[in-house]
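Engineer: Let me give you the structure first, and then I'll get to my questions.
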Amino acid sequence: MSVEDGGMPGLGRPRQARWTLMLLLSTAMYGAHAPLLALCHVNGRVPFRPSSAVLLTELTKLLLCALSLLVGWQAWPQGAPPWRQAAPFALSALLYGANNNLVIYLQRYMDPSTYQVLSNLKIGSTALFYCLCLRHRLSARQGLALLLLMAAGACYAAGGLQDPGSTLPGPPPAAAAGRMSLHITPLGLLLLIFYCLISGLSSVYTELLMKRQRLPLALQNLFLYTFGVLLNLGLHAGGGPGPGLLEGFSGWAALVVLSQALNGLLMSAVMKHGSSITRLFVVSCSLVVNAVLSAALLRLQLTAAFFLATLLIGLAVRLYYGSH
């Protein structure tokens, strides 16, 4: 399995086992995000500002990177730190920030279900930028695998979980009361396409940057998350009146921040040593974890769409990573 395919060539069994474990942990953390957020709800609503959670997550990642360099978990580069190489990470932080904020604005122009289904187009945009920017050609078999991955995400979003109190597939009970009809406006469709393009570009650009620079991953992350903290601090401060930075936080909320911070660090390792395509498979496989945890913690029911999505994901993984 090549680096472009998401593997790490030439690894012995112990290192390959650690790589596999890292991917499994990241999949579990991605899948646990939505159920953990649901456990934070108070009277059906998240009691803290979303911008606070994003800012604290970026700050946690920055502190963990600084700690890993200070205690010697990763070697500091010889000589003076090449700070001029930090500048390109400003664009990465800007792209990620724009992407995160577009998610919020998109909800004004379409219903959540439509967004969940159509947002799977970012798999195609990531593959497109991956081929254009990294000059890696996907085989017909790999292209089919990514199409199956898109279909799996759309299938799961269309009805993978069901509220036991309703005959219709949909979101958790807390959100069911406010369910809206399916709709999307022309502006919403344009913004969604823009969102998918930014999502693919941000992922591939960051991968390209991390692989081209001969710097420790922790130092690259230090650059990236410094810009991320500054950007999100500005967004939080300019967000108008609302709860304070830590207001409304509980133990579950702290777990959300910590898990997302750790997952961000794991994903940076995937971008450095694996590929953006591997990241797509991790995110898609996390749907299975999300569904199982939602069924166990939120008492939602798994539907036939979930099992179909799981089958499609399994086929996609087999096609992309299996022997050709």
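Indices start at 1 and increase along the chain as displayed.
Glycine is no exception: its Cβ is also placed from the backbone N, Cα and C atoms.
Please treat TrEMBL annotations as automatic predictions, because they have not gone through curation.
According to TrEMBL, the transmembrane segment annotation covers 20-42, 54-76, 88-106, 144-162, 182-205, 217-237, 249-268, 280-298, 304-321.
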Engineer: In the same chain, who gets a Cβ under 8 Å from the transmembrane segment (249-268) while lying at least 6 residues past its ends?
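Structural biologist: Same-chain residues near the transmembrane segment (249-268) but 6 or more away: 22, 25-26, 29-30, 32-33, 36-37, 39-40, 47-48, 52-53, 56-57, 60-61, 64-65, 210, 217, 220-221, 224, 279, 282.
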Engineer: What stretch in 88-106, 144-162, 217-237, 280-298 has the biggest tally of Cβ pairs under 8 Å against the transmembrane segment (20-42)?
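Structural biologist: Per the Cβ under 8 Å count, 280-298.
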Engineer: Hey, would you say the transmembrane segment (280-298) packs against the transmembrane segment (144-162), going by three or more CB pairs under 8 A that are 6+ residues apart?
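Structural biologist: Yes, these stretches are in contact.
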Engineer: When you scan the chain for residues with a C-beta under 8 Å from the transmembrane segment (88-106), skipping those not six or more beyond its ends, what do you find?
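Structural biologist: Apart from its flanks, the transmembrane segment (88-106) reaches 50, 54, 115, 188, 191-192, 194-195, 198-199, 201-202, 205-206, 209, 220, 223-224, 226-228, 230-232, 235.
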Engineer: Apart from its near flanks, which chain residues at least 6 from the ends of the transmembrane segment (217-237) lie with a Cβ under 8 angstroms of it?
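Structural biologist: Result: 49, 51-52, 54-55, 58-59, 61-62, 65-66, 68-69, 73-74, 76-77, 81, 85-86, 89-90, 92-94, 96-97, 101, 206, 209-210, 245, 265, 268-269, 272.
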